């Protein structure tokens, strides 16, 4: 029994059964609804035929000279002559089209029929021996409800009735399909925003096809999480394995310097510089790997002013020590939701780069809209060659050295780290040359709920 019921979990079976039942209902309505029309043409029962026949004979004896008789005891006769021309004249005098249609459709028949037309009932045709005329009796109909008849006469009402009947089936089908799909879409959005939790509940709702899709979706999340964990371990292991020989090289280099051999001082210093650069790149790689992982549980709310004020104050002091000036405007008094460690690291990276490359001044502008806050860092340094602008946010891309600037070192990962950080918060970062380099970071105030461009 349970196995036979499982067949209804299939999406194709549900759709087929719903459409099948709806079609049966529609066809049944089309076939049987006319049977409830109280004004349809019906054969006259034998008892009524005798009664109405006697009544017509009585009316003819009362007024034998009238061809189209007026009312007699709430009834009147319509006399259809044998002559075709006279028949046409009689039908012209009848001002009810339904009565005319009834007469035309039943006149050739030998049987007697009856039909209710508004407040009247017409019965006929009556044929009498030795009388060439055909008679129709029109009487007052008994008061009745014509709701179904009105529905049948109005195609729009009939269409609305069919819609009302089929609506529950369509609603149940739509609900059974849309609720699981909505939950699955929400899970996809959640994963796209960095929340890689598996949702086993998705595998227990909806048609079989939806459950299979949810199962494979959870398997995909598990695979991605495993790959992410393996990549993190790889970076950690590489860092450890590379730092050990670097430490040995540094120790050997220190021993060489202790021997105080002047001829190789420059070479020893060059070794030290390259070791320091290699350590910086390893640390940058670890930072890049870390910031490509976004966990919503690490997000917390904080006033934007509390986040930026200490950072910019320290940067202003550092710039002053280097003979430069860093100026920033009043920070908007708003609450933001962010991964504070990552957001601070990214903004600090941009500001320190600006201090490093600026000639004399750095301007930091902070503003906010209803859903986003914007940080612009502008320096008066040499800027970046125009052909390098599209690639400066790519890992390990450093571009050509400006002609008027000697120090253009670095790992080429700083801006790449910032880009990954901003993207993990569903923001955007943009760089332009404007008498120096100007970098603009646009971030949602609440990145878990909004994405840039929503």
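Placement of Cβ uses the backbone N, Cα and C atoms for every residue, glycine included.
As the structure is a computational prediction, the values presented were derived from the model and not from experiment.
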Which range of 12-33, 34-55 is transmembrane segment, per TrEMBL: 12-33
Coiled coil per TrEMBL - which of 233-260, 261-288, 289-316: 261-288
Range among 90-111, 112-133, 134-155, 156-177 that TrEMBL annotates as transmembrane segment: 156-177
The domain 'HAMP' (175-229): DSSP-derived helix, strand, coil residue counts: 45 helix, 0 strand, 10 coil
Model confidence over the coiled coil (261-288), averaged pLDDT: 67
